[in-house]
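What Swiss-Prot says about this protein:
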TRANSMEM  8-28  transmembrane segment
TRANSMEM  35-55  transmembrane segment
TRANSMEM  71-91  transmembrane segment
TRANSMEM  127-147  transmembrane segment
TRANSMEM  159-179  transmembrane segment
TRANSMEM  203-223  transmembrane segment
TRANSMEM  235-255  transmembrane segment
TRANSMEM  271-291  transmembrane segment
TRANSMEM  297-317  transmembrane segment
TRANSMEM  326-346  transmembrane segment
TRANSMEM  408-430  transmembrane segment
TRANSMEM  455-475  transmembrane segment
Amino acid sequence: MTITPQNLIALLPLLIVGLTVVVVMLSIAWRRNHFLNATLSVIGLNAALVSLWFVGQAGAMDVTPLMRVDGFAMLYTGLVLLASLATCTFAYPWLEGYNDNKDEFYLLVLIAALGGILLANANHLASLFLGIELISLPLFGLVGYAFRQKRSLEASIKYTILSAAASSFLLFGMALVYAQSGDLSFVALGKNLGDGMLNEPLLLAGFGMMIVGLGFKLSLVPFHLWTPDVYQGAPAPVSTFLATASKIAIFGVVMRLFLYAPVGDSEAIRVVLAIIAFASIIFGNLMALSQTNIKRLLGYSSISHLGYLLVALIALQTGEMSMEAVGVYLAGYLFSSLGAFGVVSLMSSPYRGPDADSLFSYRGLFWHRPILAAVMTVMMLSLAGIPMTLGFIGKFYVLAVGVQAHLWWLVGAVVVGSAIGLYYYLRVAVSLYLHAPEQPGRDAPSNWQYSAGGIVVLISALLVLVLGVWPQPLISIVRLAMPLM
């Protein structure tokens, strides 16, 4: 197949990020300069974001059988790039106090972003697997980047071993699907899986093993055991990337697979997914109740958020509203998580020991950093799904989709899970306004709001509030991504 100029325009974000990887590599080889390499990375990611406008002008098209570039791909590429940009921004002040090599951090984030973009455009099980590996392998290094701290190294080893096991399940599942269907393209799978073929034992086993592999990457129950330990052990900026870009890219490609190949038409697969969604919502929220570590708490809460999203995925066959619900929910989850992890990143630095992730570190934050405490409060309220925040809009969409698809027991789980979540999110918010301890442990820099990371946190808070009151611009963008499927 010949690559045309139009194809190259469609692949601009992928090409720009790939070129940035090469430039940063050469820059590191030439001269180690933290500021220079951080700047090059941020310029590359911003250029990739801007290039999405040109991709939109080119229109939807298939670029080789492995990738399809359309509105859906553009939406998820944009979300991945925003998350990667925020990660680099939060990492800069964190790395300033890091005594070992700093520059490779940006290289690993860029390679992981490349994997996320590939997943957003994936239209084939081969590109799905390649994208997942491209996003996972750099994360092994990123999670253990603060390797002189025992927790970080332990988290990296745990994530590496379990991720390798999950990848083998995913690959074996794909092999079984190929053995039965004779094709790996999403569109071809949709054509080949008609007439009750989905009930074939080999196909059910294949998709079952793929659910195990993807369930691990999305940290769904019962494949979630790595999540709290890795979130706690990883540096705060890396936890940001794990919670946002990684989850968004993988969930986006799963959505496309379910849309083209009627996987959800199988009653057995629907039941399994419904049980996983129910368990993720209830278990994730219950386990978060007892946490005194903010990163562990956010890790468990991310399990429940992916459970809410699964409700919309199960209802995908009932109408386009499910796609809209997932797009809006993921945007809300992205900005809320960026704000929450951004505050943790601003409060942390490697030369002061482990991250400021204990709930006690945030007690009375309002009395000496009022704006930072207000931002953290907004993020907690949004993650809890309180009205007037973007998190509420996303949760309302998920409930509406569940009701439309008559998934009553899952709707009940969402309501109960949200009620439980309200308790532990408010516990974090309330602790910010208690009397500060006589000897406060950690603190953000006095000029935090003028740093790039501080600006990202403030913009995230502003978007969560503005789009929570007036969500129409976001809904319009998400709807633009749908007709091009």
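The backbone N, Cα and C atoms fix where each Cβ goes, glycine too.
Listed by sequence, the residues of this chain that lie at least six past the ends of the transmembrane segment (71-91) yet keep a Cβ under 8 A from its Cβ atoms are 13, 17, 38, 41-42, 45-46, 48-49, 52, 55-56, 60, 105-106, 109-110, 112-113, 116-117, 119-121, 235-238, 240-241, 244-245, 248-249, 252, 255-256, 323, 327, 330-331, 334, 338, 341-342, 345-346, 452-453, 456, 460, 477-478, 480-485. Under the criterion of 3 or more C-beta pairs below 8 Å, with sequence separation of 6 or more, the transmembrane segment (297-317) and the transmembrane segment (408-430) qualify as touching. Between the transmembrane segment (203-223) and the listed ranges 35-55, 159-179, 235-255, 455-475, the one holding the most Cβ pairs under 8 Å is 159-179.
Counting Cβ pairs under 8 Å that are 6 or more residues apart, the transmembrane segment (455-475) and the transmembrane segment (235-255) reach fewer than 3 and are not in contact. Sequence-distant contacts of the transmembrane segment (8-28), counting only residues of its own chain at least 6 positions beyond either end whose CB sits under 8 Å from a CB of the stretch, comprise 36-37, 40-41, 43-45, 47-49, 51-52, 54-55, 57-58, 61, 63, 67, 69, 77, 81, 103-104, 106-107, 110-111, 113-114, 117-118, 121.
Same-chain residues lying 6 or more positions outside the transmembrane segment (408-430) and placing a CB less than 8 Å from one of its CB atoms are 274, 277-278, 281-282, 284-286, 288-289, 291, 294, 297, 301, 304, 307-308, 311, 314, 359, 362, 376-377, 380-381, 383-386, 395, 398-399, 402. Packing against the transmembrane segment (159-179) from elsewhere in the chain are residues 125, 129, 132-133, 136, 139-140, 143, 189, 202-203, 205-214, 216-217, 223, 225-226, 230: each is 6 or more residues past its ends and has a CB under 8 Å from a CB in it.
Away from its own ends, the transmembrane segment (326-346) comes close to residues 75, 79, 82-83, 86, 90-91, 93-94, 236-237, 239-240, 243-244, 248, 251-252, 255, 294-295, 298, 302, 305, 308-309, 312-313, 355-357, 372, 375-376, 378-380, 382-383, 389-391, 393-395, 397-398, 444-445, 448, 451, 453-454, 456-457, 460-461, 463-464, 467, 471, 474-475, 477-478, 481 of its chain (Cβ-Cβ under 8 Å, at least six residues beyond either end). Outside the transmembrane segment (271-291) by six or more residues, the chain places 208, 211, 215, 220-222, 224, 228, 264, 297, 300-308, 310-311, 313-314, 359, 407, 409-410, 413-414, 416-417, 420-421, 423-424 with a CB less than 8 A from a CB of the stretch. With a threshold of 8 Å between CB atoms, the same-chain residues lying at least 6 positions outside the transmembrane segment (35-55) that come near it are 9-10, 12-13, 16-17, 19-20, 23-24, 27-28, 69, 74, 77-78, 81-82, 84-85, 88-89, 91-92, 95, 102-103, 106-107, 109-110, 113, 117.
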